[in-house]
Amino acid sequence: MSNKYAETSILAFSLGSSTIFLKFVCVYIIGFQNITLTTWLFVCSIVGALFFTGLYVTVKEKKYFEVAIRGGALGFAFGIGFHLTSSETFMFFGYYFMALTFFHFSEYFTTAVANPKSLTLASFLLDHSREYTMAAVASWVEFMIELYFFPGLKHIHLISIIGLMLVVFGEIVRKGSIFTAKSNFNHYVQYVRRPGHELVTNGVYSWCRHPSYVGWFYWSIGTQLILCNPLCLVAYTVVSWKFFNERIQEEEIYLLNFFGEDYVDYKKNVRTGLPFITGYQGHYS
């Protein structure tokens, strides 16, 4: 791997998440037993503070430091999620947190490998939008409130497992779309056709026209199934469907102008991949 940004992000994420192995060392090598979750989180906080101090001292170039601090923070949060899975109460919140942090790290890493020319710090999607942040916070609040008043609701393991499977499916489809499209992928709708921009119809694009949206759509629904959040499950489904419906309508106008009859034929043979979304149905010019 020659991309310095990709190397920096995966190294920082791996080091940040290394608190996962701390538990194995303490329990199976040193022999510490019956350590509470609170103690683990406290120890992880100390290790995290040392880790980020080390980053500050060792990573000299600002452009790489900004990548490292985000990748490291996501890795550290991934490790915290792992430790939460050992708690009967917060087990599936831990799996959710691991899914969330890995998603944001992998967005950056995958873009760095597949399409480095479009890579920016925004590729982490940590500041995707105010609405995205509010939706995430709302899911945490719902989980905690329902955990307090209806604890049994958060222990329907079959639903959470289905959610985990949906999250994995969504990740595979979305990252598969980025690796397949390579330089033709971008996190933002392109209004002008760039030199070398080609219509991708192979791989996951032979199954659906918008696999990156399909992956994100099912991933987002899966996260709420993991948490057994009935309110956010409905809200995420409705809002995500509306967002992607509008996004696809807009994007396909430009794709039709970019690729003309080739995209018309592609639309005829391949669906969008999202339920009840057909895409732009007008004419191109």
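The backbone N, Cα and C atoms fix where each Cβ goes, and this holds for glycine too.
Automatic, uncurated: that is what TrEMBL annotation is.
If you look up TrEMBL, you'll see 12-31 (among others) marked as transmembrane segment.
Positions annotated as transmembrane segment by TrEMBL: 37-57 (among others).
Positions annotated as transmembrane segment by TrEMBL: 64-84 (among others). Non-local neighbours of the transmembrane segment (64-84) in the same chain are 4-5, 8-20, 23, 37, 40-41, 44, 48, 51-52, 55-56, 90-91, 93-98, 100-102, 104-105, 108, 121, 124, 126; each lies 6+ residues outside the stretch with a CB under 8 Å from one of its CB atoms.
Residues 6, 9-10, 13, 37, 67, 70-71, 74-75, 77-78, 80-84, 118-119, 123-126, 136, 143, 154, 157, 160, 164, 167, 171, 175, 178-179, 185, 187, 219, 222-223, 226-228 of the same chain, all 6+ positions outside the transmembrane segment (90-111), place their C-beta atoms under 8 angstroms from a C-beta of that stretch. Residues or ranges marked as transmembrane segment by TrEMBL: 90-111 (among others).
Within the chain, the transmembrane segment (156-173) has long-range Cβ neighbours (under 8 A, six or more residues past its boundaries) at 92, 95, 99, 102-103, 106, 204, 211-212, 214-228. The transmembrane segment annotation in TrEMBL covers 156-173 (among others).
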